[in-house]
Amino acid sequence: MWPPRASSDILQMRITHHCHWAAPALRLSSLILLLPTCLSLEETLLPVPPAAANASQGLPGAIIIGVRKGGTRALLEMLDLHPAVAAAPAEVHFFDLDENYRHGLGWYRAQMPASLPGQLTVEKTPGYFASPKAPARVRHMDRAVRLLLIVRDPVQRLVSDYTQVLRNRQLRKKPYPALEELLLRQGRVNPGYRALQRSLYHLHLRRWLAHFPRAQIHVVDGDALVRDPLPELKRTERFLGLPARIGAANFYFNATKGFYCLRPLGGHDRCLDESKGRAHAPLAAAVLRALCRFFREPNHTFFRLVGRSFDWC
């Protein structure tokens, strides 16, 4: 049984390493309202000093391993509504990047948030899922760690992946090919396109299943999380062994944005940042049909592996 925590204790504990220490304590769910003294989430990770006498930094008991552009940030921020969760505010990339992994577990622990006794530390780095090295490295850290995998329609995930890269190139005023140029080679789907490879969920999941039992990997429906977040969150709470604390009062539908936003108890209503839900590059109908044909068998293989079907094309 998780010990009860006063909301004031949790707020005092939740100081992130992206703010100068003169700044007030922030919940991760309030980071969208960044104070002037806060650093960008893209900046270099620094050790997180404990924010309370009985708080300390520990290795994560749960990791959101992917998928990229599958809704990992939304899942983490929704879990962060739970008082028994201490969420790492930035992607650490410890298990997928050699330059970080060579620093060792002490460095990794220093990137975690300060947590109170009884809290579950959760980290998310979507690059872990498709990394060949990550599964064995995670198991070496903790063979009992709980893994969260959030997935969405692989075609839509691919388009979202492309859109993010395109936007980053545009901001740097660099050219980038049209999606169809990357997707197709002589009229056929190009299996070498990296964004497409990331959507072959069954291939990556098999690597994780070689190191962890299926019961230790919880699959979240990312499309359902957008449409109606609460059922997916309740299932995730149960998987993590958390008491039921997240409820309908924690969400409200924003008709302007077209998706649910967060309502922390005792906090400020907040939606995900503006990069979430950005307009995606349209796909020609013929290309969409070709992709649906390409993914049909890989999707069914994934369904068999997880024992669950999804409403994908």
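In case you wondered, yes, glycine gets a Cβ from its N, Cα and C as well.
For Cys271, the partner cysteine in a disulfide bond according to TrEMBL, taken from Cys261, Cys292, is Cys261. Using a 10 Å radius centred on the Cβ of Lys69 (active site, for sulfotransferase activity) and all shown protein chains, the other Cβ atoms total 22. Taking only the Cα positions, the spacing between Arg73 (3'-phosphoadenylyl sulfate binding site) and Cys261 (disulfide bond) is 13 angstrom.
On the backbone, the CA of Cys271 (disulfide bond) and the CA of Gly71 (3'-phosphoadenylyl sulfate binding site) stand 14 Å apart.
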